[in-house]
Amino acid sequence: MATFGINSKIFQSMEMAILFLLAISIDRYCFAADEDMLQDVCVADLNSMVKVNGFPCKTNFTAADFSSLAISKPGATNNTFGSVVTTANVEKVPGLNTLGVSLARIDYAPGGINPPHTHPRASEMVFLMEGELDVGFITTANVLVSKQITKGEVFVFPRGLVHFQKNNGKVPAAVISGFNSQLPGTQSISTTLFGASPTVPDDILAQTFQISTEDVQQIKSKFAPAKKF
């Protein structure tokens with residue numbers, strides 16, 4: 001009987017250990033960003049024809065693969081939205097492959113906006129280098145979390161939530177954005193819905209936004225790809 005009691009306690013301990021390991025694995029699967037690296041470096045071979053989750057590793061690499069001036073200068077903001085995003089992700093810095101981090105620079109003209117969008121693979125933290133911005137995100141309970149940030153301030157946008165930045169100031173603004181993914185992805189709400197190819201059916205958008213199909217077509221015309229001549 002004593003032996004049975006000891007074996008029972010050992011079995012319970014093993015069962016708890018297994019459940020604990022499963023909980024960690026599930027937590028990592030559900031909440032982690034990019035997968036952890038399994039070697040010192042895996043510099044992305046951007047020209048490889050092999051398709052994997054991420055990029056295959058190059059056989060030979062140099063310090064240049066870990067360096068970039070991509071976000072060293074302001075981007076041109078003379079466009080429809082008055083803002084421009086310049087990335088420093090794995091596609092610009094191959095050494096970021098498997099490291100789970102990347103940066104971007106966003107420049108805003110006075111009145112410029114980075115329209116509502118999401119990053120499906122990363123949370124984002126912005127550091128305001130110049131100017132001031134009105135920023136915010138919307139939770140899945142449709143709660144708007146917003147404030148005005150000033151030079152030197154940081155603000156965090158949780159992974160996957162719709163968010164935006166708007167320069168309501170009279171001078172240009174600029175931020176550096178940090179992501180916990182080598183390639184966070186960006187999905188602009190307006191461009192996704194009204195500029196998709198093939199297009200989202202007019203009746204779907206009309207019923208969703210409670211507008212007429214004529215209104216849908218007019219909005220779509222603003223997001224149609226520029227024709228090449």
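Placed from the backbone N, Cα and C atoms, the Cβ positions cover glycine too.
The feature signal peptide is assigned by TrEMBL to 1-32. Taken from TrEMBL, the feature disulfide bond covers Cys42-Cys57. Under the heading domain 'Cupin type-1', TrEMBL lists 69-217. Residues or ranges marked as oxalate binding site in TrEMBL: Asn114, His119, Glu124. According to TrEMBL, the feature Mn(2+) binding site maps to His117, His119, Glu124, His163.
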Of Cys42, Cys57, His163, i.e. the recorded positions, those within 10 Å of His119 (oxalate binding site) when Cα atoms are compared: His163
Among Cys42, Cys57, His163, which are recorded as recorded positions, the nearest neighbour of Asn114 (oxalate binding site) by Cα: His163
Chain-mates of Asn114, His119, Glu124 with C-beta within 8 Å of site centroid, oxalate: Ala104, His117, Thr118, Val126, Phe157, His163, Ser177, Phe179, Pro184, Thr186
Alpha-carbon distance [His117 (Mn(2+) binding site); Cys57 (disulfide bond)] in Å: 31
Euclidean distance between Cα atoms of His163 (Mn(2+) binding site) and Glu124 (oxalate binding site), Å: 10
Nonlocal neighbours by CB distance (under 8 Å) for His163 (Mn(2+) binding site), same chain, sequence gap 6 or more: Pro116, His117, Thr118, Glu124, Val135, Gly136, Phe137, Ile138, Phe157
Among His117, His119, the one of these binding-site residues whose Cβ has the fewest neighbouring Cβ atoms within 10 Å: His117
Cβ neighbours within the same chain of Cys42 (disulfide bond) - under 8 Å, at least six residues apart: Phe55, Cys57, Asn97, Thr98
Arithmetic mean of per-residue pLDDT over the domain 'Cupin type-1' (69-217): 97
Helix, strand and coil totals (DSSP H, G, I; E, B; other) for the domain 'Cupin type-1' (69-217): 22 helix, 58 strand, 69 coil
